[in-house]
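Colleague: Take a look at the following structure, please.
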Amino acid sequence: MLRKSKSLIFKYFLNLMNGAFLVLGLLLLGFAAWLLLDRNNFFTALDEKNHLIVYIFRILIGAGSAVVLLCLLGYLGIHYEIRWLLILYAVQLIGAFGVQVALSALIFTKKEKVLQVWHDEIDLVISQYGSKDMPEDIPKWTVLNVLQKTLQCCGQHNYTDWIKNKSKENAEQVPCSCTNSTLSKWFCDEPLNATYLQGCETKINTWFQVNALTLIGINFGLLVLEVLQVSLSISFFRHIKNKIYTEI
């Protein structure tokens, strides 16, 4: 009776931790997929040359998918008390631990490079914005419009960044998204007091830092759960082994 109760306690806590692990894995998968697939996500829209940002998001999607599959494997081993599945589960948890440490380090160490990619690309987009000779870049310009309108900012550093644009009819024009205007065209003639004066750089940096911290936070939560799951899995394996020897 005591041994049966101990098995139930092991299963309860293992399934509880496995469930939390599954939720965090789905969060990681969903968050990375949203960043990758969102059409209004300026990072993925502007990162067409070296694909660094897309590459990171795909790694995160792969990690989230692996976590979900790992949880299903763990559930089978726990529920049916299959020893080899428990060992496989624990080994894969250790492997996942190493991968997630590497992912967290990658996000942290590459954040400056990601921001630099964006800064370089946004300068190019500003200079080519509205050009009749480059209709293939309209999606980029649309994303930039959404960004400027949503964050109420203009240019990278401030509205004077638009001086370098050669597609304007006159030097005073700025994108309509830089103003209070509701006109659906590329450039508007609006007074300075109706123009967003602050640049988008600071707001973009804040957005990126918040999302990077969210990803690292999810990873950290997974790491803690993995350590606990490995310990519980090994203890449960020993318990099943002892129970089999006792029955013999």
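Backbone N, Cα and C define each Cβ position, glycine as well.
Where the annotation comes from TrEMBL, it is an automatic prediction and has not been curated.
As annotated in TrEMBL:
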TRANSMEM  12-35  transmembrane segment
TRANSMEM  55-78  transmembrane segment
TRANSMEM  85-108  transmembrane segment
DISULFID  CYS154-CYS176  disulfide bond
TRANSMEM  212-237  transmembrane segment
Colleague: What is the total of other Cβ atoms whose distance to the Cβ of CYS176 (disulfide bond) is within 10 Å?
Modeller: 20
Colleague: Where else in the chain does the transmembrane segment (12-35) make close Cβ contacts, counting only residues six or more beyond its ends and a cut-off under 8 Å?
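Modeller: For the transmembrane segment (12-35), the list is 41, 43-44, 57-58, 60-61, 63-68, 70-71, 74-75, 78-79, 211, 214-215, 218-219, 221-222, 225-226, 228-229, 232-233, 236.
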Colleague: Using Cβ atoms only, which residues of the same chain lie under 8 Å from CYS154 (disulfide bond) while being at least 6 residues apart in sequence?
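Modeller: Counting only residues 6 or more apart in sequence, the Cβ neighbours of CYS154 (disulfide bond) under 8 Å are GLN148, ASP161, TRP162, VAL174, PRO175, CYS178, THR195, TYR196, LEU197, GLN198, GLY199, CYS200.
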